[in-house]
Each structure stands twice: as structure tokens, then as C-alpha cells.
Amino acid sequence: PLWLSPPQLKGFKPRPHAAAAGDPPPSSHVVRRRGSSAEAHGSSTRGKPELDALHTVARGARPRHETLPLRMRFRPPIPLRLLLPQLWRRPSLPPAHLPRPISSYPSAAAVAAATDSEEDAVVARDPRLAPHFVGGAGGSPRFGENKTEFERKASIAARFKLCYELLRQRRWREMRGGLAQIVSEQGSGSAATLCDILWSEFREYDSSGVVWDALANSYARTKMVHDALYVLSKMNSLNMQISVSTYDSLLYGLRKTDVALELFDEMEAYGISHSEYSHSILIDGLCKQNKVGEALSFLQEAREGGTFRPLGMSFNTLMSALCNWGFIQPAKSFLCLMLKYGLNPNRYTYSTLIHGLCKVGSLDEAVDLLERVTKEGMKLETVTYNSLINGYRLLGLTREIPKIIQFMRYQGIEPDLVTYTILIAGHCEGGDVEEGMKIRKDILDKGLQLNIVTYSVLLNALFKKGLVYEVENLLGEIYSIGLDMDVIAYSILIHGYCKLGEIERALEVCDAMCCSQKVVPTSLNHLSILLGLCKKGLLVEARWYLENVASRYQPGDVILYNVVIDGYAKVGDIGNAVRLYDQIVVAGMNPTIITCNSLLYGYCKFGDLHAAESYFRAIEISNLVPTTVTYTTFMDALSEAGKVDTMLSFFYEMVEKGIKPNAVTYSVVIKGLCKQLRFRDAIHFLDNMDGADPITYNTLIQGFCEAQDIQMAFCIHDRMLCCGLVPTPVTYNLLINVLCLKGKVFQAEMLLESLREKGIELRKFAYTTVIKAQCAKGMPYDAISLVGKLIDDGFEASIEDFSAAINRLCKRKFPKEAVMFIPIMLSVGVFPDMQVYFVLARALRKSNMLCYIPILHALSVKTGI
């Protein structure tokens with residue numbers, strides 16, 4: 001990390017143990033890690049299905065985690081030389097398949113240019129004066145060592161010798177730069193070779209431990225953690241001093257693992273004082289592992305032990321982790337603790353708090369904090385304002401975002417592409433795609449180029465609106481600027497085309513995704529295509545696509561098989577569904593309860609209740625647990641077959657097994673009871689259920705309406721209102737329809753008019769039902785008036801609606817009034833067909849109203865009939 005200090009070259013306390021030079025390490029060692037867990041492993045078995053369609057799937061035991069107190073997990077600490085014994089046997093060169101990391105540290109000449117030494121500056125200006133890291137050492141190859149390997153080691157030894165000379169001249173930076181260059185060139189797995197050269201060639205040199213320490217530090221800084229641990233274990237065995245900077249570098253490299261805690265404990269055991277960064281690095285690592293509780297405990301123990309050195313970085317890290325988890329109050333308490341330690345909060349501190357407040361929806365408090373900080377003269381970054389803008393977007397307050405952008409500009413901060421992307425997303429999520437496209441045009445006019453994230457937001461919104469033409473134009477814009485599509489953009493295209501039924505276009509996008517060689521289709525992409533094919537009834541194509549995907553991409557994805565099995569089941573093709581199920585079992589995949597639910601639905605759809613019940617019992621004896629959907633599916637089939645008592649027995653069995661019925665389950669039971677006119681039992685189930693929804697009440701209302709019990713139907717409606725539920729348009733369709741069926745057309749008119757005045761959402765069915773009843777009752781002028789209201793309320797009248805009214809009026813001998821519907825039809829763009837003219841002409845002749853025949857004939861000629 002860039003903030004770590006250079007190696008501390010002061011004297012250290014001697015190690016509490018010492019090993020002879022060159023002693024071999026132990027052959028094996030078991031490392032205990034903090035927070036280790038014991039896992040119980042289950043075994044899976046598969047039994048014979050009762051219907052050749054079900055096999056046993058065992059459930060493995062879940063791992064059980066045990067956590068010890070932070071300071072009691074490792075006592076005594078384990079020496080580093082025992083942590084990774086396999087590294088002692090690591091070859092001197094890394095395997096050929098492993099990439100060599102590129103060092104981010106400068107060369108020796110670059111390091112010299114950064115120093116204040118006049119001599120180093122001269123060397124940096126004239127590279128010819130700098131010592132070259134080339135050459136070889138005297139001697140000859142060892143027994144069994146080839147000449148090339150010998151020359152390589154000799155070159156490394158020469159470069160090490162130059163590092164010792166730089167150390168003698170106290171040219172620290174150049175010495176560290178030389179070691180970093182050696183480490184970068186040798187790569188991962190080279191620690192054994194370098195340590196062997198250092199020990200065999202330079203064991204008698206003064207300050208040899210400083211070079212070893214710098215070597216370990218170089219490995220740690222270049223993220224070659226295993227090599228750094230190897231060097232430290234050798235240093236421990238040789239009783240060499242390790243600087244706190246090296247420990248910090250290694251802590252940083254191991255901060256996302258449990259080994260970091262072991263390393264921290266070892267520092268304490270050897271009496272090495274932690275630097276001001278040690279605690280911050282460890283806290284940061286625990287937070288990145290989502291171990292916020294352990295990080296807080298570690299901080300509390302360090303404070304109580306008096307070893308904690310307050311640093312703003314530690315508090316900022318903890319505040320960020322708490323805000324990400326939504327714990328705003330504890331995060332704000334750390335701000336007070338910072339002030340107590342005399343630390344000044346910086347921009348990152350306030351940005352973290354503002355982000356956390358926006359995340360939990362406390363926008364007013366976030367704005368107050370933002371204004372207070374800016375008044376104190378602190379200039380926040382664009383990312384802070386973006387957090388605030390995103391908070392308004394999440395709450396749907398897009399209209400407030402321009403005010404924040406205006407405040408940004410007043411502070412001298414210009415919005416970036418992320419700002420505009422959030423603004424576009426806010427408008428698109430609110431359904432205002434046109435405004436989002438307008439903002440896109442404004443961005444392009446300013447000379448900015450959108451990224452694929454912004455385009456993905458727009459594409460998703462356009463698909464939701466069904467604007468395929470605009471989608472194609474936007475894709476052309478993406479390709480024209482040469483922007484690469486990512487997996488999210490491709491997924492939006494595939495899912496959007498499938499939702500709109502454009503399966504061929506989705507397949508073209510999937511092919512383009514495969515040909516791009518940068519992204520590959522995911523399981524979700526294949527799932528969208530299979531769902532689209534099954535929805536259109538293209539099961540043959542879906543089966544072919546599934547087999548193609550299974551052979552090339554996801555051979556063991558049972559979810560994809562579930563989609564096609566469900567498609568077969570919904571059309572009643574139980575034979576193909578079972579054959580595909582057997583194919584799953586043969587391929588070694590484990591069917592899920594969703595697979596079984598689809599097959600059970602297929603048996604019920606096919607009408608074979610005996611096979612369905614046998615299959616249901618086969619599910620029970622397997623290791624799959626039936627769900628609410630399983631019981632509800634079979635109970636609905638029993639209800640449709642009139643086997644209500646059997647349905648109730650399955651309901652009580654379901655409750656006894658602890659499977660909680662949902663609203664759909666109760667609706668199925670109530671529907672079955674209403675079909676047998678057992679309304680008292682149906683009301684009893686409604687009284688005893690929790691969380692009844694409008695669909696449940698509608699089921700009971702429909703039962704009373706079918707029995708033409710208007711009073712009880714309206715009683716259930718009133719009870720629904722008392723429970724705080726809002727009736728749906730289906731509710732009023734049922735009530736209006738039963739009133740019309742019972743001949744109470746006037747009450748139906750009054751109910752419809754009161755609902756219109758209250759602004760309650762209705763469907764066209766409610767209007768057309770009353771219009772038909774009015775025509776059947778011989779109320780033509782009321783029907784004509786209601787047709788006008790239907791059109792004024794934005795509904796689209798069809799030829800079927802007018803034909804139904806005209807036919808009823810003609811049967812009731814109102815042909816003159818029926819002719820009045822023709823101009824209304826033409827005014828809304830609906831043209832009568834030959835059947836309408838034939839019915840009208842026949843009714844006019846029967847009523848001896850021949851004077852209207854020429855008018856009817858002229859209208860027919862005008863409409864082209």
C-alpha cells in the first residue's frame with residue numbers, strides 16, 4: 001500500500017526462539033485458522049420412482065459454524081515458518097502455466113531520481129554511471145546443476161552483491177528498487193531460490209537481515225504473499241529481525257484471509273510494536289470479509305488494551321462497512337469518537353455518512369449534513385452528490401434531482417456521466433422514457449460519449465414500453481461509435497425481445513454474443529429464450545434449443561430442463577414431460593421439487609387424477625419435501641373434479657405437516673366448497689385464514705353470484721372494505737353481472753355510475769354488461785347514452801360490442817333505435833359488416849319501417865359493403 005512507511009532499520013528485540021542455520025523445516029503442519037468451522041457432509045442416494053418419473057434426492061447437512069472469542073482463538077501464536085511448509089519444497093522457478101506478475105515498483109535508476117542525495121541524482125541523470133545488475137559469480141556449477149541454471153543464479157548473486165553495496169552506502173531507496181526489480185523478474189515461486197542464494201553467498205555480510213527484510217517486503221508489496229511468508233519463515237529460523245513495515249505490507253496482502261489475524265498475533269508475541277497502520281489494515285481486511293462484528297470487537301479490545309493508535313483510516317473503514325449494512329446510528333457514533341480522539345473528519349468521512357443516509361432513505365438528514373459541510377468550506381467530490389442523487393431516484397423523487405445538480409454547479413462541481421446516468425434511470429423508472437432520451441441527446445450535444453451502462457438503462461426502459469423501433473435505432477448508435485456490449489446489455493436485449501415475442505431476434509442476439517468472443521451467454525440468457533419459446537407453444541424448438549445448450553454450455557443446469565418440462569405440462573403433453581424428466585436422471589442431475597410440481601400439474605392437466613395422486617405420494621417418500629404449490633396444484637385438480645372431501649383431507653394433511661397454506665390455497669378450497677353450495681364452510685375458511693387478499697374474496701363473491709345470492713355477494717364486498725382491502729375491477733364485474741342477470745338493471749346502472757363518479761378503476765366488461773342488459777330490457781336510449789360514456793372514458797368499442805346491442809334491440813322490436821348505433825360506430829372508426837346490415841334490414845321489414853331501408857342502403861354503399 002502506498003501509505004506504508006519505509007522499513008524501520010532500528011534494532012529489534014531478539015526472537016524468543018532460534019534455529020540453526022540451514023535446518024530443514026518440519027515436513028507437515030496443521031494450521032489452525034480463526035473462525036474455523038466443521039462441516040458435516042451428507043451423502044445422496046437415488047431410489048426407484050413409482051411412476052418411472054421420480055428419483056430420490058438426498059439433502060446434505062448445512063455446515064455449522066463455531067466462533068471463538070477473538071483473543072482466545074490462537075494461543076500461543078504459530079510461528080510463520082510453520083504456516084506454509086509446502087513452500088520449502090517449491091521449485092525455484094514458477095510453473096510454466098502461471099503468469100509472472102509485473103511489478104508496479106520503479107527500477108533502481110527511477111528510485112535514485114526520487115531521492116534527495118546529490119550522488120543519486122547524478123546517477124539518475126547519467127545511467128552510464130549507475131552500476132549494472134549483470135554479470136556472474138565465480139566458481140563452477142554444483143553437481144547435477146546445468147550451466148544455464150548456474151549462470152542464472154550467478155547473475156542473481158551479482159545483483160544481490162550490488163544491493164549489499166548500496167546498503168553499505170546507505171542508499172536505501174536504490175537498494176529496495178534493485179530488490180523489487182529482481183523479485184519482479186523472477187516472479188511467483190522464486191523465494192526458495194533467492195533465499196538459497198542469499199544464505200549460501202552472503203551469510204557473512206554485515207546487515208544481512210536488512211536485505212532479507214527488504215526482500216520479504218518486496219514480495220509482499222507485489223502481492224506474492226506465499227513467497228513473502230516463505231522469506232519470513234526463513235528469517236525466523238535464522239533469528240533475523242523483521243521490520244514493522246514488512247509486517248504491515250504482508251498484513252495488507254493477507255488482509256482478506258484469516259492468516260492476517262495470525263500474523264498480527266505473532267507480532268505481539270515477538271514484542272514488535274504495531275505501527276499506526278497495522279490496526280487499520282486489519283480492520284479493513286475484516287470489513288472486506290463482511291466480518292464487521294469481529295472488526296468492532298478487535299477495535300474495542302485494542303482500545304481497552306491500550307495498544308490502539310487512533311487513525312482516521314480505521315474509523316472511515318468501519319463507518320463505511322456499517323453504512324453498507326444500513327447501521328447508520330453506530331456509524332454516526334464513530335464520527336463522535338473521531339472527534340474525541342482529536343481526529344478531523346475528511347471528505348471521505350462525510351461522503352460515507354451521506355451515502356449511508358441516502359441508502360436508508362434519510363434524505364433530509366443527508367442534505368442537512370451536505371449543506372453544513374459545504375458551509376464549513378469543505379469541497380466534496382462528485383461521487384458524494386451522486387449518492388444523494390441516487391437516493392432521490394430510489395424514492396422516486398426525480399423532480400428534486402435538478403436542484404441537486406444546480407447546487408453542484410454552484411459549488412463549482414460539474415456533473416459527470418454517472419450523474420446523468422442516474423438521472424436517466426430515474427426518469428425511465430418513472431415511465432418517462434422520452435425525457436430519458438432527451439437527456440441522452442443533451443449529453444451527446446455536450447460532446448460527451450455515453451458508456452454501455454447508460455445505454456443499458458435506456459434499452460431496458462424502451463423494451464418495457466414496447467418501443468422496438470427505438471431499440472433498433474439505439475443499437476445502431478451503439479455499433480456506430482464502436483462501443484462494446486457487455487453481458488448485462490446482451491441480457492437486456494435477449495430478455496426484452498423474448499418478452500415481446502421476438503424470439504428470432506433474441507436468438508440473433510445470442511449468436512452475436514457467442515461470436516463476440518468477449519462474453520458468453522449465461523444461464524439466465526438461455527432461460528429467457530426457453531421461456532419465450534414455451535410461451536409461444538414452440539415446444540419442439542425449445543427441446544432442440546435445450547439439447548443444444550446442454551451439449552455446449554450448461555450440461556448440468558436443471559433449471560433449464562424445468563422450463564421445458566413445465567411447457568410440456570401446461571399443454572398436457574405428459575409423455576414428453578416424463579421422457580425429459582428421465583433424461584435428467586440419466587444425465588446424473590438431481591430433479592428439484594419444482595420439477596416434480598410441473599409433472600404433477602401435467603398429470604392433473606391430462607385429467608389422470610389416479611396417476612397424479614400416485615405421483616404425489618411418490619414425491620412424499622422421496623427426499624424432496626412437498627411445498628405449498630405441490631398441495632395446491634393437486635387440491636385444485638380435485639376441486640375441479642368435484643372431489644371436495646378428498647381436497648379437504650389433503651388440506652388438513654398439509655396443515656398437520658407444517659406446510660403453511662397461502663391465499664391461493666384458500667381460494668382453491670373456497671371455490672370447491674362454493675361449487676357444492678357449501679357456503680357456510682367457505683365462510684368458515686375465510687374467517688380462519690390469515691392474509692386474505694382480494695382474489696380470495698372475489699372467489700367467494702363469484703360463488704354467491706353463480707348461486708344468484710345478491711345479498712350475500714354484497715355482504716362479502718362490504719366485509720372486504722371493512723378489512724381495508726380495495727376491491728378489484730373483477731369484483732365489480734361480478735356484482736354488476738349478477739344484478740343484470742337478476743333483471744335489476746337500474747341498480748346495475750346506479751352502481752356503475754357511482755363507481756365512475758368515485759374514480760374507481762373499471763373494465764370495459766362492466767359497461768358492456770349493462771349496455772347489453774339495457775338493450776335486452778328495451779331501454780335503447782339509456783344504452784346509447786352509456787355507449788357514449790364508454791367511449792368518453794377511453795375504452796375502445798369493437799364491432800362485437802355494437803353487434804350485441806343491435807341484435808338485442810332488433811329482437812325487442814326496436815329497429816329504428818338500433819339504426820341509431822350506425823353513426824356512432826362510424827364516428828369511432830368501426831365499420832358495420834354484412835351481418836349487421838342483414839339483421840337491421842330484416843327487423844325493419846318485420847316492423848314495416850320500410851322508409852329506413854334506403855338510408856340503410858346508402859350507409860352500406862358508403863361503407864363499401
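Note: Cβ is positioned from N, Cα and C throughout, glycine not excepted.
Any TrEMBL annotation is an automated prediction that lacks curation.
According to TrEMBL, the region 'Disordered' annotation covers 1-51.
Among the features that TrEMBL reports, repeat 'PPR' is placed at 275-309 (among others).
Within the model, the repeat 'PPR' (311-345) carries an average pLDDT of 86. What TrEMBL records for 311-345 (among others) is repeat 'PPR'.
What TrEMBL records for 346-380 (among others) is repeat 'PPR'. Below 8 angstroms of C-beta separation, residues 312, 315-316, 319-320, 322-324, 326, 328, 331-332, 335, 338, 387-388, 390-392, 394-395, 397, 411-413 of the same chain, each at least six residues beyond the ends of the repeat 'PPR' (346-380), sit close to that stretch.
What TrEMBL lists as repeat 'PPR' is 381-415 (among others). If you look at the repeat 'PPR' (381-415), the same-chain residues 6 or more away from its ends with a CB under 8 A from one of its CBs are 347, 350-351, 354-355, 357-359, 361, 363, 366-367, 370, 374, 422-423, 425-427, 429-430.
Residues 382-383, 385-386, 389-390, 392-393, 396, 398, 401, 405, 408, 457-458, 460-462, 465, 467, 470, 481, 483 of the same chain lie 6 or more positions beyond the ends of the repeat 'PPR' (416-450) yet place their CB under 8 Å from a CB of it. Residues or ranges marked as repeat 'PPR' by TrEMBL: 416-450 (among others).
Here the repeat 'PPR' (451-485) has, by DSSP, the following mix of helix, strand and coil residues: 27 helix, 0 strand, 8 coil. Taken from TrEMBL, the feature repeat 'PPR' applies to 451-485 (among others).
Feature annotation from TrEMBL assigns repeat 'PPR' to 557-591 (among others).
Positions annotated as repeat 'PPR' by TrEMBL: 592-626 (among others).
Only residues 6 or more beyond the boundaries of the repeat 'PPR' (627-661), in the same chain, are considered here, and those with a CB under 8 A from a CB of the stretch are 593, 596-597, 600-601, 604, 609, 612-613, 616, 619, 668-669, 671-673, 675-676, 678, 689. The annotation repeat 'PPR' is assigned in TrEMBL to 627-661 (among others).
Summarising the annotation, TrEMBL assigns repeat 'PPR' to 662-692 (among others). Away from its own ends, the repeat 'PPR' (662-692) comes close to residues 628, 631-632, 635-636, 638-639, 642, 644, 647-648, 651, 654, 699-700, 702-704, 706-707, 709, 712, 723, 725 of its chain (Cβ-Cβ under 8 Å, at least six residues beyond either end).
In the repeat 'PPR' (693-727), the DSSP tally of helix, strand and coil residues is 26 helix, 0 strand, 9 coil. Residues or ranges marked as repeat 'PPR' by TrEMBL: 693-727 (among others).
Cβ atoms under 8 Å from those of the repeat 'PPR' (728-762) belong to residues 694-695, 697-698, 701-702, 705, 708, 710, 713-714, 717, 720, 769-770, 772-774, 777, 779, 782, 786, 789, 793 of the same chain, restricted to positions at least 6 beyond its ends. Under the heading repeat 'PPR', TrEMBL lists 728-762 (among others).
Here TrEMBL flags 818-840 as transmembrane segment.
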